[in-house]
Structure formats: structure tokens, C-alpha cells
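According to TrEMBL, the features are:
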TRANSMEM  49-73  transmembrane segment
DOMAIN    54-511  domain 'Major facilitator superfamily (MFS) profile'
TRANSMEM  93-113  transmembrane segment
TRANSMEM  125-143  transmembrane segment
TRANSMEM  149-171  transmembrane segment
TRANSMEM  183-205  transmembrane segment
TRANSMEM  211-233  transmembrane segment
TRANSMEM  308-338  transmembrane segment
TRANSMEM  344-366  transmembrane segment
TRANSMEM  373-392  transmembrane segment
TRANSMEM  418-441  transmembrane segment
TRANSMEM  453-472  transmembrane segment
TRANSMEM  484-507  transmembrane segment
Amino acid sequence: MPDGPIEMSAISRDGHGPDYNDARDDDALLGSDNDVEEASKLVRGEPGIWVWLLVVSAGISGLLFGYDTAIISSALLQLANPPETSPIPALTIAQQSLVTSITSISALISSLGSGPVSEYGRKKAIFAAAVVFILGAVWQSWAQSVQGLVVGRFIVGLGVGAGSAVVPMYITELSPAHLRSRLNTLNTVFITLGQIVAYLIGYWYSQTPFGWRPMFLLGGVPATIQIGLLFFLPESPRWLVQHGYIEQATSILARVYGINQDESNAADRRMLSHLVRSIEQGVRSETELASTTAKWKNLFGKRSNRRALLISGGLQGFQQLCGFNALMYFSSLIYAMLGFESPTLTSLSVAATNFTFTLVSLVLIPRVGKRRLLLYSVPMMAIGLLAAAFGFHNLPTQDVSAIHEEKSAINADPASSFYAYVILFSTTFYVASYASGIGNVPWQQAEFFPMSVRSLGTAIATACNWSSNFIIGETFLGLMDNMGAVATFMLFAVICTVGWAGIYLIYPDTEGMNLEEIEALLSR
Ligand SMILES: O[C@H]1[C@H](O)[C@@H](O)[C@H](O)[C@@H](O)[C@H]1O
């Protein structure tokens, strides 16, 4: 629920960034009456639990994204040491990398393909992703060969990529402006929750022979529940307006904004028609961009769209290149190398910190604003990384190649080394700072694109995420081997510094604006 009057000023909160104050003058987008004030008061109505339930249902895709990307680390521990009766021989290091990275590749492919699919309806695209998740879960769990596993991981990645592009777009299009950031953050809460569940289930089945089969299969359960829930989920009102279903769109918007249409007063009705009209205006350009070629041209030809792409794609790339998933995927190896007794539990702490601080950002984002939160949290990430590099530098022995062997690289009584704890605490600090800002803000990308190119823009920005995710997954162990841990963590700190400068220069404050106002802001 809103905590106070919704923020209608576009001045950057830290007073330094780009000043978009005059963007608000473009009230024409809200209709001819020019009564933004009145509409904004009405926006403070109670949308009720309904919107939250919708987001929870859609957010199951986020849960699956988190689960399926994290479960692989527990499954690999078993697949690398199979029982004698296993039809699949022990996976080599190269096969382990392939089974892990193929998911990022197919997520990259399907995030790009999700643009055209979501043009047929956001709900249909979420449904398609859920079906793919189930197929992938069953395929992986029945695999009888390495090739079978690779195909299963490929299929599940298609679901991950499509869900990761479409669900945030659906949430963005459905949410009232003052709740949009929070509801989108909820989706990231689901991703991080899925990662914790994956670690716990992985731990639960770790001693069961062929425990990797139920680990993979369980991913199908939330997807099945989601298919049931999808029957109750409305289509995105913006998509409905775009396809001429004005009445349905109006009644969904009424529910979203907590207006009972039967008992509504004149002000309510006016506010609703303002909303529908503003969406119609945004949508009108869509009919002019019927072909895919026209959309591509518009995306790259129009200044505001190029800016939207630069901001969203850049932020998505930075979210991955800052190295967070190196910890997510390989923290048990890192902590084993440092000599901690239960590396799986210490790496569960990465997932738990990530989840907890994503919850913190749920509270912080509407209060502090996304821009300010990023500007504060990214330097903290750099500090955490530098402190970790300092810890690695001072370890008694530094044979990082031991990371592959999952055993301690430190001389006698390793975990009692003060510097092992410095690394544990500084990486935890880094994860907390990551989760408070950059871990979820990039997923709020759909708000930057006008309706005419939203699905295409969102798809490309999401693809930036998955391609960078692939780069980190593929290169991290090699970097640790070749450059050493100190240089690797310092490199991530440098990337954070560059990312911070980029955010400072181009990331606008959009808190509380409606989507059409954001479009006006980027056109200036
Ligand atoms: O927003 C999510 C979240 O931060 C996850 O924990 C991470 O694994 C994903 O790569 C990221 O996209």
C-alpha cells in the first residue's frame, strides 16, 4: 500500500543526476483536463490484495528461474560422483560446464524470442513458459545420458529466459504507478527464494542415490500450480487496449486501482478514463509499427528508445558482469578452498543474504528511489570486493587452482585463518549490497519502453543479462586460475566503479511516474 502521497516530481533525488523536472509538464499524456493532481490522489486508492495475488501467481516464473539456475550446483555434486549402477558416467569438468552454461544460452535465445510470443498476449507467453518448465523438469529427471541431460537443461533454460523477460513486463503493465517498483521487486524476491529452495532441496537429497532426479523433477511442481493459477490471471490491460478490448481493460484497471465500478463516483470514472486514454495514446504508435522491421527501426532510430535500450541493457549487463553469480554458482568451491567445513551451508548463506536483502529493497525502493539506492549500494559492492581481494592477498597460501579440486588451498587449520573470515564477511557484505539495488532494479526495465517497442526492447535487455551471465559462468574459474583471486575480485570492483559512473550519468529517477510519463521523460 502507498506510504504517502505518490511522488509526482521527477527531480533526481540526490539532486545531481539529470534534471527531468520539466517532463511533468507533459500532462497532455494524461488527457485534456490537465488534472494530474486529482488523478494522483485517486491513485492512492486501495488496490487491495488482488494485485498482490496476481503478482504472486506470475512470480512463480521467478521462483522457477531461481530454482532451475541454482539446483544445478547440488545436482552436479552428485553427477560428478555417480553410483556404479548409474547409466550416466561421472561428468567431466567440461561436461559440467556445458550442463551449466547451456541453460544461460537457451535463456538468451528464448528471451530474444519472447518478444514476438508476448505480442500474442503476456498471459499466453507466461503459460508457454510454464509448459516448457514442466517439460524441462521431466526431461532432465529422466535423462539416461549426458546428451539427455544437456537437452533437458536446454529446455528448462528456454522457460527461464522467456519467464524472465515476460513476467516483469506483465507486472509493469498491470501495476499502478505507485506500486510498480515494489511489485517488480516481489518478482526478484521470488527468484532469490527459488535459489534458497534449490539449495535446501539439494541439501536434502544430497545423500540419496540419484537424488539429482527428484531435484530436477521438483521444478515441475510450481509450474503445474502456476498453470492452474493462470486461469484466474487477467491479461495485461495495456495489451488489451492495444488490441481494442477497451471494456475489459477498463474493468481490470478499475480492480487494479481499487475502484468498484458499480459504486464509482464521477472522479473515479474520470480517473479511469484518463488512464485508458493515456494508454491509448501510448498504444496508438503501435499500429504504425506493424512489422518487426519497423519495430527494430523505431527502437534504434528514435532517441528516447535508444536511451531506453542503453539504460536497460546496460544495467542488465552490469548486474551480471559485477560477478555476483560467480558467488552464486561457485561459492561452495570458494568456501571449500578457504577450508570451511560445510561449504554447502556457507554457500546457503549467500542465497539467504541475497533473499533477505532483496526483501529489504522491497521496503527501500519506494522510500529511497531506485537511482539513489543504486548510487549508494554499488560503491558498497566495490568495497566488499576490495576487502575480499585484501583477504585473498593475505591468505597463508594462495593456490587458487585448488578451487577445482574443492579442497583447502590454505596451510594447516585453514578455517581458523583470520583472512578466511575476512573473505566470508566481505563477500556477504558484497551480496547484501548487490541484493539491495542492482540485484533487482534492472528487472524493472519494461517501464523505459513505450508500448510500441516494449516487448522487443525488454527482450533485448533481458538478452544482455543472459549473455553476460554466460560470460561470467564460463570465465570465472579460468580467471581465478590464470589471474588469481586477488586480481579477479579487483576486476569485479573495477567493473562496479564503471557501472556506478554509468548509472550516475544516465539512470533517471522514475519513481511514481506512470509509463506514459516515463516515455515523455526519455524523449527530452
Ligand atoms: O535478479 C536476479 C537475482 O539477483 C539472482 O539472485 C541472480 O542469480 C540473477 O542472476 C539475477 O538476475
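Glycine residues also receive a Cβ, built from the backbone N, Cα and C atoms like all the rest.
Below 8 angstroms of C-beta separation, residues 58, 60-61, 64, 68, 88, 110, 114, 117-118, 149, 151-153, 155-159, 162-163, 166-167, 170, 212-220, 222-224, 226-227, 230, 233 of the same chain, each at least six residues beyond the ends of the transmembrane segment (125-143), sit close to that stretch. Outside the transmembrane segment (49-73), and at least 6 residues removed from its termini, the chain residues within Cβ reach (under 8 Å) are 99-100, 103, 126, 129-130, 133, 136, 153, 156-157, 159-160, 163-164, 166-167, 170-171, 174-176, 179, 183, 186-199, 201-202, 215-216, 218-219, 222-223, 225-226, 229-230, 232-234, 255-256, 328-329, 332, 347, 351.
Counting Cβ pairs closer than 8 Å to the transmembrane segment (308-338), the top stretch among 93-113, 211-233, 453-472, 484-507 is 453-472. With respect to Cβ pairs under 8 Å, the transmembrane segment (373-392) is most closely packed against 484-507, considering the stretches 93-113, 211-233, 484-507. When pLDDT values are averaged over the domain 'Major facilitator superfamily (MFS) profile' (54-511), the model yields 89. Of the candidate ranges 93-113, 149-171, 211-233, 418-441, 93-113 contributes the most Cβ pairs within a distance under 8 Å of the transmembrane segment (453-472).
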